[in-house]
Amino acid sequence: VMVAVCPSGLKDKELSKITGSDATGDISYRDIGNIHSLTDNQFYHLRVPLRRVPSIRAQLRTQGLLENFLKDHRPDMFNRRYAQCFPPGTPSLRLRRSSEKIYNFMDAQYYGEISVGTPPQNFSVIFDTGSADLWVPSSYCVSQACALHRRFKAFESTTFHHDGRIFGIHYGSGHLMGVMGRDTIGEMTILNQEFGESVYEPGSAFVTAKFDGVLGLAYQSLAEIMGNPVFDNMLAQKIVDQPVFSFYLSSNPEGELLLGGIDEAMYNRPINWLPVTAKGYWQIKMESVAVQGVSSFCSRGCHAIVDTGTSLIGGPTNEILSLQQLLGATPTNVGEFLIDCARLSSLPQVTFILGGKEYTLTAEHYVRREAYGNKDLCFSGFEAIDIISPEGPLWILGDVFLTEYYSIFDRGLDRIGLAHARHPTE
């Protein structure tokens, strides 16, 4: 039995020091990253370059560590090992609540830069429509993962206001705990923005990650940290004129998030608009999923969430396992599905019916080819994940889908727009 050794820095006395009045300084979101501003049609936009990097899963596989990592980070085992390290009642340890959320960045690939503090301190974050919180590692963090990432130094920032409350977030592959603060964010001056400073990231989930933290773009009801998410505050304080943001994800190393607007150069018309059916995730109605033109799954209609925080397409276990069989994919001992790279040209198309429109992916789109030693491995871009909602099991449209379709998230009218992404070859 593996027993967790809790870091001494998290004893009550030390934690009170972190949350106490000696934590001075301020976080200001001065640039929301490598952000470029532009004025088109009299609307103010914030343009955030996104970079595509190997996922945590891919890096662990290359290092031969994936199987042991997944064993050690099963939620039940992880809770038994580390529950004693968290204060009683920490929300992240309530499995009932956390099981309703995805919070799994094992397969996240796209991140962008933000700047926090005055003077600015730089961080790379996942811009995630599947969560609603903003957090970055704290200089007080005692975990190995923090030591390998950039950490926010509140005492070096002149505008920081400490909050003192403790928060916990449960992820699919771990937990983190931190303290909350309020802050002026940005060159555009977002006032009183709640955010989290992570002080404890147990296990090795974030050790391999190329990103430092997460900036959530989902609805406020999904937030673990009390207060408005970043984009909500941008709207309330009229920092952007249009209540929309949009993602362009490319299979090349670069993509883009546009806060406050739509970039017509990034997609081909028309835009298909889909109403949000539940304001938590960005959730929409899906009519069916067809394989080679034959309706095979979600045949009576179901719901899907559009999630930039995961690279795969997820669905209920029984349906995804049947889909893997149709693709001729074979399971591995770590839950992934391999496809013979020589068969890609003969694999069927998979089509998602949304708002009466067909969104078709070929094997070139839904198969992930990754180098492993001196050969290539081909993995299915579909994964089994069971997320139950009042509307029934949810599908997840992650980056495998969003690379092909430009996505527009409209908070003003609570809808999602999808259009064919315009890639360099087009």
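Backbone N, Cα and C atoms are what each Cβ position is placed from, and that goes for glycine too.
As recorded in TrEMBL, the features of this protein are as follows:
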- 110-419: domain 'Peptidase A1' (DOMAIN)
- D128: active site (ACT_SITE)
- C141-C146: disulfide bond (DISULFID)
- C298-C302: disulfide bond (DISULFID)
- D307: active site (ACT_SITE)
- C341-C378: disulfide bond (DISULFID)
Nearest-integer angstrom distance between the alpha carbons (Cα) of D307 (active site) and C146 (disulfide bond): 25
Cα distance (Å, whole number) from C141 (disulfide bond) to C378 (disulfide bond): 38
Cβ neighbours of C146 (disulfide bond) where a neighbour is any other Cβ within 10 Å: 23
Same chain, 6+ residues apart, C-beta under 8 Å of the C-beta of C141 (disulfide bond), given in sequence order: A147, R151, E197, S198, V199, Y200, E201
PLDDT averaged over the residues of the domain 'Peptidase A1' (110-419): 89
Other C-beta atoms that fall within 10 angstroms of the C-beta of C298 (disulfide bond): 22
Candidate with sparsest Cβ neighbourhood (10 Å radius) among C302, C341, C378, the listed disulfide-bonded residues: C341
Spatially closest candidate among C146, C298, C302, C341, the listed disulfide-bonded residues, to D128 (active site) (Cα to Cα): C146
Shortest C-alpha distance to C146 (disulfide bond) - which of the disulfide-bonded residues C298, C302, C341: C341
Cα-to-Cα gap, C341 (disulfide bond) vs C298 (disulfide bond), nearest whole Å: 28
Least surrounded among the active-site residues, given as D128, D307, when other CB atoms within 10 Å are counted: D128
